[in-house]
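For reference, the structure discussed in these notes is given below.
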Amino acid sequence: LALNPWDVILCISGTIISCENAIVVVVIIYTPAFRAPMFLLISSLATADLLAGLGLILHFAFVYFIPSEAVSLLTVGLLVTSFTASVSSLLTITIDRYLSLYNALTYYSERTVTRTYIMLILTWGASICYGLLPVMGWNCLKEPSNCSIVKPLTKNHLIILSVSFFLVFAVMLQLYVQICKIVCRHAHQIAVQRHFLASSHYVTTRKGIATLAVILGTFASCWLPFAVYCLLGDYSYPALYTYVTLLPATYNSMINPVIYAFRNQEIQKVLWTVCCGCFSSAMPFRSRSPSDV
């Protein structure tokens with residue numbers, strides 16, 4: 001096959017994604033202090049994005065060096081599983097943030113740990129089921145007319161994935177609206193109790209809302225173009241349209257470590273310690289609320 005520049009760009013993106021998220025996964029696994037629910041959810045997100053990056057690399061390698069229908073189904077299945085798990089992990093993190101504010105007094109309880117494991121099981125169980133569909137026969141290799149804009153996925157399969165994304169996005173939007181209300185209410189209460197000036201209350205509230213807007217805006221700008229095109233596009237459309245909308249979606253996995261991991265002060269401490277060559281996995285940390293992550 002002639003080398004497609006878009007495939008090269010996706011492969012490079014996959015390499016960067018893999019390196020970034022591998023750092024997050026290694027730091028969380030080898031630091032015993034990172035066993036709180038919020039770090040489990042961050043590690044789930046990083047693992048999903050790591051697999052997505054590896055899937056992009058493997059897809060490029062197999063397409064150009066080991067072309068095979070069976071291998072193509074496996075790599076596409078891996079990509080579907082990993083990207084679905086990534087989006088679902090973002091939803092679980094949003095739910096965890098909301099509950100940490102809504103049920104602040106009972107958040108640090110055994111119930112939270114149990115709920116976290118249940119969300120992780122549901123997230124990865126559903127993602128694996130979605131990814132296994134092409135391998136189990138739900139593909140368009142024998143009927144090209146049923147193909148979607150992402151071969152060998154069928155149009156119906158891609159519609160299900162797109163509708164699932166819109167449902168996740170709607171739930172996340174609603175939860176972030178509720179989080180904004182709680183943040184504004186808390187900031188106002190603190191300002192009244194400590195006799196802060198109105199300007200201080202305004203600055204605190206604005207920073208909180210701006211952070212949430214960046215998180216949700218980044219997610220939407222990365223995934224919405226591809227999700228919409230999945231519903232409207234057809235297999236007969238030029239492949240360029242698929243690449244143009246799919247590439248921003250991969251950038252979400254590149255940005256996630258920056259938003260959800262590298263901004264965390266505890267993870268920053270470990271990274272700085274590793275860079276200084278004096279890593280100690282037993283170093284103490286102050287557990288923070290997920291709403292601060």
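In case you wondered, yes, glycine gets a Cβ from its N, Cα and C as well.
The feature transmembrane segment is assigned by TrEMBL to 6-31, 38-66, 72-95, 116-138, 158-177, 209-228, 240-262. Per TrEMBL, domain 'G-protein coupled receptors family 1 profile' is recorded for 20-260.
Ranked by number of Cβ pairs under 8 Å to the transmembrane segment (38-66), the listed stretches 6-31, 72-95, 116-138 are led by 6-31. Note on the domain 'G-protein coupled receptors family 1 profile' (20-260): its mean pLDDT in the predicted model is 87.
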